[in-house]
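**Student:** This is the structure I want to talk about, given as structure tokens.
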Amino acid sequence: MGRFIFVSFGLLVVFLSLSGTGADFFCPSGWGSNNGHCYQAFNQRMTWEDAERFCSAQAKGGHLVSIETRAEADFVAHVVAERIETSFPHVWIGLRDEGKEQQCSSEWSDGSSVSYENWIEAESKTCLGLELDSNYHKWVNVYCGQRNPFVCEA
């Protein structure tokens with residue numbers, strides 16, 4: 001009986017120590033995690049729509065990245081700086097003009113509300129990308145058919 005309790009206790013300790021690894025365990029292989037979300041930057045050059053479809057196919061709940069806070073913007077800029085070749089001036093994010101009175105859609109491609117904004121310019125908005133010149137912190141208008149690298153979030 002004592003041996004059974006000892007083994008059971010040992011298994012409980014192992015389980016509890018592993019349960020703290022959380023987010024990385026559930027992220028697809030090679031993806032980074034932050035605050036319960038998984039992120040991956042891809043160097044493939046695609047149009048905004050193709051990149052969105054690609055992200056959806058990569059992971060359950062995958063979309064182009066939705067940047068909802070300054071802290072998340074900093075994390076995404078870090079991921080991009082580490083993984084995207086610096087020869088690309090723009091990197092797709094999950095926001096674009098949906099043709100609603102020449103204003104940007106009020107939601108990200110994953111359906112979440114736009115609660116944080118960081119525009120470089122406030123002109124007509126088409127598709128949005130992060131700009132190299134701002135170290136991938138500022139958003140810039142980009143023609144949706146342009147082929148750019150992108151960041152997926154799941």
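Including glycine, each Cβ sits where the backbone N, Cα and C put it.
Since this is a predicted model, take the numbers as computed values, not measurements.
Annotations for this protein, taken from Swiss-Prot, read as follows:
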{"type": "SIGNAL", "residues": "1-23", "note": "signal peptide"}
{"type": "DISULFID", "residues": "Cys27-Cys38", "note": "disulfide bond"}
{"type": "DOMAIN", "residues": "34-153", "note": "domain 'C-type lectin'"}
{"type": "DISULFID", "residues": "Cys55-Cys152", "note": "disulfide bond"}
{"type": "BINDING", "residues": "Ser66, Glu68, Glu72, Glu153", "note": "Ca(2+) binding site"}
{"type": "DISULFID", "residues": "Cys127-Cys144", "note": "disulfide bond"}
**Student:** Please report the Cα separation of Cys38 (disulfide bond) and Ser66 (Ca(2+) binding site) in Å, rounded to an integer.
**Tutor:** 11
**Student:** Tell me the Cβ contacts of Glu153 (Ca(2+) binding site) under 8 Å, same chain only and six or more apart in sequence, or just say none.
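**Tutor:** Spatial neighbours, sequence-distant, of Glu153 (Ca(2+) binding site): His37, Cys38, Tyr39, Cys55, Gly62, His63, Leu64, Val65, Ser66, Gly94, Asp110.
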**Student:** How big is the gap, in Å, between the Cα of Glu72 (Ca(2+) binding site) and that of Cys144 (disulfide bond), rounded to a whole number?
**Tutor:** 23
**Student:** What three-state secondary structure does DSSP assign to Glu72 (Ca(2+) binding site)?
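**Tutor:** Glu72 (Ca(2+) binding site) sits in a helix per DSSP.
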**Student:** Measuring Cα to Cα, tell me the gap between Cys152 (disulfide bond) and Glu68 (Ca(2+) binding site) in whole angstrom.
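**Tutor:** Each residue's Cα considered, Cys152 (disulfide bond) and Glu68 (Ca(2+) binding site) end up 14 Å apart.
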**Student:** Reported as an integer number of Å, what is the Cα distance between Cys27 (disulfide bond) and Glu68 (Ca(2+) binding site)?
**Tutor:** 20
**Student:** Cys55 (disulfide bond) has how many other Cβ neighbours within 10 Å of its own Cβ?
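**Tutor:** The answer is 26.
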**Student:** Return the count of C-beta atoms lying within 10 angstroms of the C-beta of Cys152 (disulfide bond), excluding that atom itself.
**Tutor:** 25
**Student:** What is the average pLDDT across the domain 'C-type lectin' (34-153)?
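**Tutor:** A mean pLDDT of 84 is what the predicted model shows over the domain 'C-type lectin' (34-153).
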**Student:** Which whole-number value in Å describes the distance between the Cα atoms of Glu68 (Ca(2+) binding site) and Cys127 (disulfide bond)?
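**Tutor:** If we compare the Cα positions of Glu68 (Ca(2+) binding site) and Cys127 (disulfide bond), the gap is 17 Å.
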**Student:** With every protein chain in view, what's the tally of Cβ atoms within 10 Å of the Cβ of Cys127 (disulfide bond), excluding that atom itself?
**Tutor:** 26
**Student:** Which one of the disulfide-bonded residues (Cys27, Cys38, Cys144) has its C-beta surrounded by the most other C-beta atoms within 10 angstroms?
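**Tutor:** Result for the most crowded candidate: Cys38.
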**Student:** What is the number of other Cβ atoms found within 10 Å of the Cβ of Glu68 (Ca(2+) binding site)?
**Tutor:** 16
